[in-house]
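The structure under discussion appears below in the form of structure tokens.
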Amino acid sequence: MTFAELVDRVSSKGPFQFLHTVLLGLPILGMASHNLLQIFTAATPIHHCRPPPNASAGPWVLPIGRSGKPETCLRFVYPPNTSLHNDTQGATEPCLDGWTYDTSSRDSIVIEWDLVCSSNKLKEMAQSIFMAGILVGGPLLGDLSDRFGRKPILICSYLLLAASGSGAAFSPTLPVYMVFRFLCGCGISGISLSTVILNVEWVSTRMRAIKSTAIGYFYTVGQFILPGLAYAIPQWRWLQLTVSVPFFSCFLLSWWLPESIRWMVLSGKSSKALKTLRQVAAFNGKKEEGEKLSLEELKLNLQKEISLAKVKHSLADLIRTPILRRMTFCLSLAWFCTGFAYYSLAMGVEEFGVNLYLLQLIFGGVDIPAKFITIISVSYLGRHTTEAAVLLLAGGSILALIFVPSDLMTLRTVLAVFGKGCLSSSFSCLFLYTSELYPTVIRQTGMGISNLWARVGSMMAPLVKITGELQPFIPNVIFGTITLLGGSAALFLPETLNRPLPETIEDVETWSLRAKKPKQEPEAEKASQKIPLQPSEPGLGRS
């Protein structure tokens, strides 16, 4: 009996699974707000140079730029005659006395710390440092999760995000703010990794796609919550605090979550695993079925998993065999491209000239049909086809933005929303696909490394956007081309549809051999259909 059959035995569709999904999903609502928070807390308002203290009374005249609008980073050295207000040839200088901002809509870190003109790169750096925290947290917390369990790391991650997020709201300077945002990123990484693993390891094979997509919808709803909160709370410090404090409640609620049965078995805690299974059976109204389970039966049926605990694994195992090397390379590239392109669109809402709150609602709304189509596609077409298709479509839509004039904002917005929907589908598919491809013994480590590459991509995205100062089309060329490369790499991954989770590296090797045999030995397959197999022959070529 496999673990999936044990879960079915105590009911894989009972109230426990529903409550388990809700407890794991509720924090994801707030995680979406933290990921996209700088869209509002770092919004750049209309601004221009502040007049010098000795400027004469009267209207302050600014140089006019090539676009026909007043310059935001330059002023005349001496206030010109008002009759020459269209003169653009006078001597100019930087904003030596600071800037004047339009604060009618909201305040932000840009206003508080003057992150404009020559300092505008610090705004992108703040987002990159946040993503760097997610990058560092991935492999670090992934390894700790394999050592000490999924639940303890999840609980600590909730507390870390709550404390560091609240600390960011009271930051006196930009460097302090960046440090707290880095810690927020570490907390988010731990939450996302442990949530995905606990989610996958507590359901049967046929329910994995459904439950994974359900968790993804919590993130989608969270994207609707953020613009509402931002509209109601225009002060960036209060907004930062509002999205952080609820994680203290998540920290308390998470104590009711059970540890992964698979991890307990692999860690030699079979007695505790049996007790947990019986509690789940009782909660689902199948107490008698749970009481029938015995420690001996559990050990006998999961003997393979128990023996795995004696073997120690490391990062090197991800590239130890040819099939794992190929999987790790292709998955890493797919994760990198998804994070790279996703945050280029998600954090570039201001560029499309539409109401910031409305466009964020549209960007969040596209996830609803995207995730619905994803669950249908991964369930019928397979993970392999779905992942390749959505990345290729996303890359194409980003490259198409290059050829759309800047004054056609509606068409540009449609392309950006479509691309963002495809990349959201890619994230949903990758979380499920990666957890199914890597065996149990290195699953958390594999997820950690995969997430690391996604965060490398998301960390680089704001920095690549700076290249737009050279030529406006350069960022989209880079984002679109690399996304197409990721879609091509996904074509080389094996399919996992309707396959049980692999437990060992040898299981993955067996998958590869069975997938190749029908193609490599077509004559042997035909012969096996004509000649009856002897009892000693194990059905060569059949999957």
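Each Cβ is built from the backbone N, Cα and C atoms, and glycine gets one as well.
The shown structure was predicted, so the numbers you read here are calculated from the model rather than taken from an experiment.
As written in TrEMBL, here are the features:
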type: DOMAIN; residues: 83-498; note: domain 'Major facilitator superfamily (MFS) profile'
type: TRANSMEM; residues: 153-172; note: transmembrane segment
type: TRANSMEM; residues: 178-202; note: transmembrane segment
type: TRANSMEM; residues: 214-233; note: transmembrane segment
type: TRANSMEM; residues: 239-257; note: transmembrane segment
type: TRANSMEM; residues: 327-345; note: transmembrane segment
type: TRANSMEM; residues: 357-381; note: transmembrane segment
type: TRANSMEM; residues: 388-405; note: transmembrane segment
type: REGION; residues: 515-543; note: region 'Disordered'
type: COMPBIAS; residues: 518-528; note: compositional bias 'Basic and acidic residues'
### Query
Of the listed stretches (153-172, 178-202, 214-233, 357-381, 388-405), which one yields the highest count of Cβ-Cβ distances below 8 Å with the transmembrane segment (327-345)?
388-405
### Query
How about the transmembrane segment (357-381) and the transmembrane segment (178-202): do they have 3 or more C-beta pairs under 8 A, pairs 6 or more apart in sequence?
no
### Message
Counting only residues 6 or more past its boundaries, what in the same chain has a CB within less than 8 Å of a CB in the transmembrane segment (178-202)?
### Response
7, 17, 20-21, 24, 27-28, 31, 34-35, 125-126, 129-138, 140-142, 145, 150-151, 153-154, 156-165, 167-168, 171, 208, 211-212, 215, 244, 247, 257-258, 260-263, 431-432, 435-436, 443-444, 447-448, 451, 455, 501
